[in-house]
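Enquirer: Here's a structure for you.
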Amino acid sequence: MNQEEHKKILQNLTYMKGRLVELDPLIDKLIEKDVFKFEHREQIECHPTAHRQFNEFIKILRASPHKDAFACFLDALIADGHQALVQKLQSTVPREIGFAKTPGKVVVPPPRQTTAQPKPTAPHTSSSLLTSRHEPSTSNTPVEHSRYEFAERVSTVPSKDSDYSETGGLKAMLEQFQQKQNIILDKRAREMKKEQQDFILKNEVIMGTYQNQLQQIQKFFGRWENEKQELMKTNRKTSEKLQDQMDAFDVLKNQYEELKRQYDNLKDQYSQLSSRRAKNEDRGVEERGGDLKRSNEDLRNRCSKLSEENYSLQQALESVQMGLKEEKEAYQTLEDQNTEMKSEEERLKNMLREKDRECKRLKDKVEKQQVQIRGLLQKQKEVEYFGPQVMVGEDMYGSGNNKDYGEVKEVNAYGSKKKTHRKK
């Protein structure tokens with residue numbers, strides 16, 4: 001990528017940043033064309049914000065050794081549907097950018113090649129320099145450029161004529177500003193790292209307590225689940241046993257119906273035989289009467305046997321009904337236990353939600369304590385800066401409760417108090 005292509009990209013950074021929201025398709029296309037490598041994707045995606053990911057993307061694109069990187073980038077934009085952006089990049093005319101005020105960075109122009117044309121007069125050169133200083137810059141370089149790169153670029157600015165004699169003073173001022181900025185940034189980074197470590201330690205303690213309580217609740221919930229499964233298994237077995245007994249009861253009932261039908265048939269036959277016997281007696285048929293009498297006796301015996309069998313079946317039916325009633329009561333008891341277990345489950349869930357709210361409350365409390373600790377550290381720094389203070393006749397907080405004016409309280413740099421007494 002040559003210098004003109006670099007300038008085209010830098011002059012359209014803001015325009016591209018507002019339109020290139022999704023970088024994955026572009027990265028895929030550039031990896032296919034060997035402009036990017038696979039590790040570049042991880043290098044871009046490791047940044048937490050989209051702004052930093054875009055800056056890293058542009059940085060890798062500009063540093064690519066591929067000779068047709070800019071053309072491949074334009075092809076990827078066309079494939080992703082950014083024709084307007086491609087036209088703007090192609091129609092951009094690279095231009096030299098002078099000194100300009102930009103937020104957070106001073107842009108310095110690269111060295112220009114000398115030509116054989118005559119130099120302009122001094123007033124014209126001075127006015128053009130002032131104009132370039134006060135014009136708003138159209139360059140949108142990434143904020144992540146190294147500050148050493150900035151100092152190196154400043155040191156390479158050539159002095160064009162006598163009107164640029166102030167460049168050395170500007171360079172010294174920029175170097176001094178850069179040194180102060182580095183000191184402030186390093187100090188702030190150390191403070192932020194220490195605060196982050198303190199917060200991580202406190203957060204680990206809180207999370208450890210929360211994890212222990214959560215493990216205890218999970219163990220209890222696991223035991224409750226096992227008991228629930230055992231009760232459900234017992235309930236299933238009882239239901240299956242009850243169903244088997246109901247099937248056996250149906251079989252006995254069918255047998256009883258069959259015997260009752262046979263009994264009714266025999267009873268009808270007996271009544272018919274009785275009527276026939278009466279007729280035969282009227283007719284005086286003695287021979288057939290004896291046969292009928294024997295048959296009647298046989299029928300009576302069979303009827304008595306059937307009556308006994310009917311009675312035994314009724315007894316069995318009553319016993320089965322009693323067993324069925326007991327099984328129904330046991331089933332109802334299991335249903336009541338299941339209802340109680342469900343209510344216990346709801347109570348445990350409420351307890352778990354209460355623990356979650358307690359954890360959030362503890363986190364808020366820790367954050368408030370961190371704010372108080374920072375305030376105390378600030379007060380401690382002020383005490384160390386101003387030295388020990390002597391307060392007579394009044395406590396540390398100015399309440400005036402200690403009225404012994406012969407007592408002197410000295411506050412050292414760490415906020416502790418030391419009492420001394422004057423001689424009266």
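Here the Cβ of each residue, glycine as well, is placed from N, Cα and C on the backbone.
Predicted automatically and left uncurated, TrEMBL annotations should be read as such.
Taken from TrEMBL, the feature compositional bias 'Polar residues' applies to 113-143. According to TrEMBL, the compositional bias 'Basic and acidic residues' annotation covers 278-298. Per TrEMBL, domain 'CARD' is recorded for 1-92. Summarising the annotation, TrEMBL assigns region 'Disordered' to 102-147, 267-298, 398-424.
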Enquirer: I'd like the per-state residue tally for the region 'Disordered' (267-298) from DSSP, helix first, then strand, then coil.
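Expert: Residue counts for the region 'Disordered' (267-298) by secondary structure: 30 helix, 0 strand, 2 coil.
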Enquirer: Kindly state the mean pLDDT of the domain 'CARD' (1-92) in the predicted structure.
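Expert: Here the predicted model's pLDDT, averaged over the domain 'CARD' (1-92), is 87.
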Enquirer: Within the domain 'CARD' (1-92), how many residues are helix, strand or coil going by DSSP?
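Expert: Per-class counts: 66 helix, 0 strand, 26 coil.
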